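Before I ask anything, here is the structure I am working with.
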Amino acid sequence: MSTHVEKDQVSGHETTGHEWDGIKELNTPLPSWWVYVFWATIVWSVGYWVVYPSWPTATSYLTGMFETTNRTQLHETMANVAAERAPYMERLAALDLDEIVNDSELLNFSMAGGKAVFAENCAPCHGTGGSGNPGFPSLQDDDWLWGGTLEAVNETVHVGVRWDANEDTRFNDMPAFGRDEILEREDINDVVQYVLAFTGRETDKAAANRGAGVFADNCASCHGEDAKGVQELGAPNLTDAIWLYGGDAATITETVNNSRGGVMPAWGGRLDEETIKMLTVYVHSLGGGQ
Amino acid sequence: MAMPHLQQPDPAHPLPQNDTLPEDDRDQPLYKTRDKVYPKRVSGYFRNLKWFALITLLAIYWIVPWLRWDRGASAPDQAVLIDMDMGRAYFFFIEIWPQEVYYITGLLILAAIGLFLATSLFGRIWCGYGCPQTVWTDLFMLVERHIQGDRNARMRLDKSPWTFEKIWKIGATHLSWLVIAAATGGAFVLYFNDAPKVIADIFTGHASLGVYVTIAFLTFSTYLLAGWAREQVCTYMCPWPRFQSAMLDDESMIVTYEGWRGEPRGPIKRKNLVRGEVPEVGHCIDCYACFNVCPTGIDIRDGLQMECIGCGLCIDACNEMMDKVGFPRDLVRFDSVQNSQLRAHGKATNIRILRPRTIFYSVILVLVASVMAFGLLNRTTLEVNVLRDRNPIFVTLSDGDVRNGYTLKVLNKEQAAKTYILQIEGLDASDFQVIGLTPNQDGTFSLDVAPDRVGSFRVFVAANPETLNSESTPFEFSVTDPEDNVRETYDTVFAGPK
Ligand code: SF4
Ligand code: SF4
């Protein structure tokens, strides 16, 4: 105990003897166990250094006792997730696509899983949610170059489009009618007007009529007599409202002149079968599945 | 009449005469070691109230998880249960989903306002009677007294050397405390798991790590707080005593010492009493009975103090003394400061329950309670949420129609499997489909949702742009439960080209 204890006259409380501008500080001592708790936390921190990775050393760092790092924890978490998914994955492997779509639990699982896989692998070209970009087809609409059934989508994902490394890849090759001088400039103008006429947008009726012959001789073999496209050949339907590169006269002229040839990687082998099934179900569920 | 008192409290008063600055203040104690409190056994009205509160509250705590409530096969039959895994809280007939957590917020608001109201009326009755810290400390003190004896015996035991008697008494006390603490921690997890099952799991070693860690933590904290820390929790850790004074006014009922008739205190001369003379001293016989029974170790005669938990045990103790010496009871009494002053001046006292403050708290209390009751009574068993696709806002189809995508969430809050009928209203749609489902004859869809679950559906709606008046056409999804004739709608829009 202090020898000179001053007491505050109003409260009867002891003061610390500190005074600022006439205001005196009352002494309200902390309970000593509070201080012990403070020391205990310091001791605890030492244990922490031992158990967890802590101090840096000249070349490395103290690794801690149980390899408890964020990385090992991540691996553990991922392993747990994989274990939780395992029963679904087994069923995905065993069932074919139609069966998966008819099982509401697997359907939801695949749509969720496929969504994540799509975002990681497909979205850079096809856009998030498969909304498409010029030259990269929208997967949400009902127009399919290579078919929109579960089987066709599954096949396209496996083999890719114009993907040289895969010998079964989806492949076609539209001639560059202008650049390779297969057609005269006037013929190309005529056939473009003819194509525009399918959707009622021609500006020159006479040219469009002349173009019919050009189309029958040069284009119909792939796009069909009725220009509705041939999915086996990957030839697009020219009579619908959907244009991969754009449907105005200038863009169509450019397409006829120079041809087009988009490329999609083959995912078979890069993604495992269950993942491709999820991806297929997801893409098929985006709205255009047939 | 001299009562034995072994420990003199340090009265803050009277004021010191010497008011000089210390020449050297390095001797000031900055830390205070705890003076162990040895509360003496007491009996009386307030002690009985406290026993009643103790038994009732502990019984509720330990019995409630065992109550059953039949909810059918699809939900647990425990009356009170918080199911973390499934995200459900059950309270008898009430079931709460995670998004309805506002009911819990409401409950907490009710608890807070209730506490304010009770405090403005009766001081710290929560602290003295209801707080788990008080209830468990009281229980631990009961055990302690049964094993080690009353105040004086305990003080003697603590001072005595380590004999066999001391070892077994102290050992038995701590062991009993640990058993109670473990039962406390053990009961807590029952509220979060199926009680009979988790009890079996705990003893066979099959319970989850979380269960064992929770029990261990609560066992340790109960033992520490009720066995060792006791009044230190109320004085130093708990925030409530810091701001409870904001709810008090002069008319709040609190535990007060009637200084006007107690002072000047002093031991009574027995002969004065025998002769029937009026003693020159006040009614306080300075026996320290009030101090000896106080669980927080304070002297109520120093006035209302932060440490006082309002338990009223000092009232019981003083009344016993007053009866013995023949002075009127209630020298320490449960009354308002105002009444105490009125009595000091010989005026009539009154207790006013209805004051602006208490009316204000009551009004809020009733308001919040009615809002909650209204919410609970009108709680729908069917809820529909619709998320509209935004990427892209719409899709053009090959025939020129535009299509919008929606994710439909149907919440079935009933304990029965449901088949809802989904249709769209207010839009001339050219196509309407739900992924994975085939439409009914009339173009609607039947949505199956399991009991007590959320059904999630991908819905596509297409329309001819010619039929749309604007780039955003409002319409609604309607979900009907044909059995119960319940219908929920969700307003959304259909986006198209300009
Ligand atoms: S002073 Fe009285 S009411 Fe306050 S805590 Fe002590 S015994 Fe209880
Ligand atoms: S207030 Fe009552 S119990 Fe306390 S010392 Fe005075 S007479 Fe004794």
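Heads up, the Cβ atoms here are built off N, Cα and C, so glycines get one too.
Because TrEMBL annotations are produced automatically, they should be read as predictions rather than curated entries.
Model, not experiment: these values are computed from the prediction.
Pasting the feature list from TrEMBL:
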type	residues	note
TRANSMEM	A:33-52	transmembrane segment
DOMAIN	A:109-199	domain 'Cytochrome c'
BINDING	A:C122, A:C125, A:H126, A:M264	heme c 1 binding site
BINDING	A:M174, A:C219, A:C222, A:H223	heme c 2 binding site
DOMAIN	A:206-287	domain 'Cytochrome c'
Largest pairwise Cα distance, Å, within the listed heme c 2 binders A:M174, A:C219, A:C222, A:H223?
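Largest pairwise Cα separation, rounded: 10 Å.
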Give the sequence-ordered list of residues that share a chain with A:H223 (heme c 2 binding site), lie 6 or more positions from it, and have CB atoms under 8 Å from its CB.
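Long-range Cβ contacts: A:G229, A:V230, A:A235, A:P236, A:N237, A:L238.
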Using C-alpha positions only, work out which of the binding-site residues A:M174, A:C219, A:C222 is nearest to A:M264 (heme c 1 binding site).
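Looking at Cα distances from A:M264 (heme c 1 binding site), the smallest one goes to A:M174.
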Ten-angstrom check, please: count other Cβ atoms within 10 Å of the Cβ of A:M174 (heme c 2 binding site), all chains counted.
17
Going by DSSP, is A:M174 (heme c 2 binding site) part of a helix, a strand, or coil?
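The three-state answer is coil.
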Would you kindly list the residues that approach the transmembrane segment (A:33-52) from elsewhere in its chain, counting only those six or more residues past its ends and only Cβ-Cβ distances under 8 Å?
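Cβ under 8 Å, 6 or more out: 62, 64-66, 68.
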What does DSSP say about A:M264 (heme c 1 binding site): helix, strand or coil?
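Reduced to three states, the DSSP call for A:M264 (heme c 1 binding site) is strand.
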Provide, as an integer number of angstrom, the distance between the C-alpha atoms of A:C222 (heme c 2 binding site) and A:C122 (heme c 1 binding site).
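A:C122 (heme c 1 binding site) has its Cα 28 Å from the Cα of A:C222 (heme c 2 binding site).
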Could you give the Cα-Cα distance between A:M174 (heme c 2 binding site) and A:C122 (heme c 1 binding site), in whole Å?
25
Just to be sure I understand the packing, how many Cβ atoms besides its own are within 10 Å of the Cβ of A:C219 (heme c 2 binding site)?
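Result for A:C219 (heme c 2 binding site): 22 neighbouring Cβ atoms inside 10 Å.
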I'd like the Cβ neighbour count for A:C122 (heme c 1 binding site), meaning other Cβ atoms within 10 Å of its Cβ, all protein chains included.
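For A:C122 (heme c 1 binding site), the 10 Å Cβ neighbour count is 22.
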Counting all other Cβ atoms within 10 Å across every protein chain shown, which of the binding-site residues A:C125, A:C222, A:M264 scores highest?
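Buried the deepest by this measure is A:M264.
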Just report the maximum Cα pair distance in Å for the recorded heme c 1 binders A:C122, A:C125, A:H126, A:M264, no decimals.
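Greatest Cα-Cα span of the listed binding residues: 10 Å.
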Could you tell me the mean pLDDT over the domain 'Cytochrome c' (A:109-199), as a whole number?
93
Just to verify a number: CA distance, A:H126 (heme c 1 binding site) to A:C219 (heme c 2 binding site), in angstrom, no decimals.
27
